[in-house]
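Here is what Swiss-Prot records for this protein:
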BINDING   Thr33, Glu38  Ca(2+) 1 binding site
BINDING   Asp68, Asn70, Asp72, Gln74, Glu79  Ca(2+) 2 binding site
DOMAIN    13-49  domain 'EF-hand 1'
DOMAIN    55-90  domain 'EF-hand 2'
MOD_RES   Met1  N-acetylmethionine
MOD_RES   Ala2  N-acetylalanine
MOD_RES   Lys3  N6-acetyllysine
MOD_RES   Ser5  phosphoserine
MOD_RES   Ser6  phosphoserine
MOD_RES   Thr10  phosphothreonine
MOD_RES   Lys27  N6-acetyllysine
Amino acid sequence: MAKISSPTETERCIESLIAVFQKYAGKDGYNYTLSKTEFLSFMNTELAAFTKNQKDPGVLDRMMKKLDTNSDGQLDFSEFLNLIGGLAMACHDSFLKAVPSQKRT
């Protein structure tokens with residue numbers, strides 16, 4: 001009988017992203033998307049430091065509009081991942097700027 005291995009760190013991160021999306025999706029109706037209200041709730045709770053540091057009060061509305069690539073007023077999981085990926089890239093860029101320059105191969 002094959003032994004079932006524990007999830008890797010990457011697999012746990014993916015599971016966590018799915019769980020967080022599902023935690024906020026569906027409160028306003030459709031279970032597979034985030035409405036604008038659900039998106040704002042997610043941003044103000046899960047990304048509170050980012051949200052509070054924004055000087056422009058319209059930034060979240062513009063983010064929602066830009067992320068909503070099919071213009072249905074909802075964010076599906078793929079659109080949600082664009083947000084997560086963009087934030088991860090920005091964090092990675094900041095990290096690279098903060099550490100001493102290293103030769104990349």
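For all residues, glycine too, the Cβ spot is worked out from N, Cα and C.
Checking each of the recorded positions (Lys3, Ser6, Glu38) against Gln74 (Ca(2+) 2 binding site), the C-alpha distance stays within 10 Å for Glu38.
Put simply, Glu38 (Ca(2+) 1 binding site) is 35 Å from Ser5 (phosphoserine) when counted between their Cα atoms.
In terms of Cα spacing, the recorded positions Lys3, Thr10, Glu38 all stay beyond 10 Å of Glu79 (Ca(2+) 2 binding site). Look at the Cβ of each of the modified residues Lys3, Lys27 and count the other Cβ atoms within 10 Å; the largest number goes with Lys27. Same-chain residues lying 6 or more positions outside the domain 'EF-hand 2' (55-90) and placing a CB less than 8 Å from one of its CB atoms are 17-18, 21, 30, 32-36, 39-40, 43, 47.
The 10 Å shell around the Cβ of Asp72 (Ca(2+) 2 binding site) contains 11 further Cβ atoms across the protein chains shown. Neighbours of the Ca(2+) 2 site: apart from Asp68, Asn70, Asp72, Gln74, Glu79, residues of the same chain with C-beta atoms within 8 angstroms of the site's C-beta centroid are Thr33, Leu67, Thr69, Ser71, Gly73, Leu75, Asp76. The residues of the domain 'EF-hand 2' (55-90), classed with DSSP into helix (H, G, I), strand (E, B) and coil, number 23 helix, 2 strand, 11 coil. The two recorded residues, Ser6 (phosphoserine) and Thr33 (Ca(2+) 1 binding site), have Cα atoms 29 Å apart.
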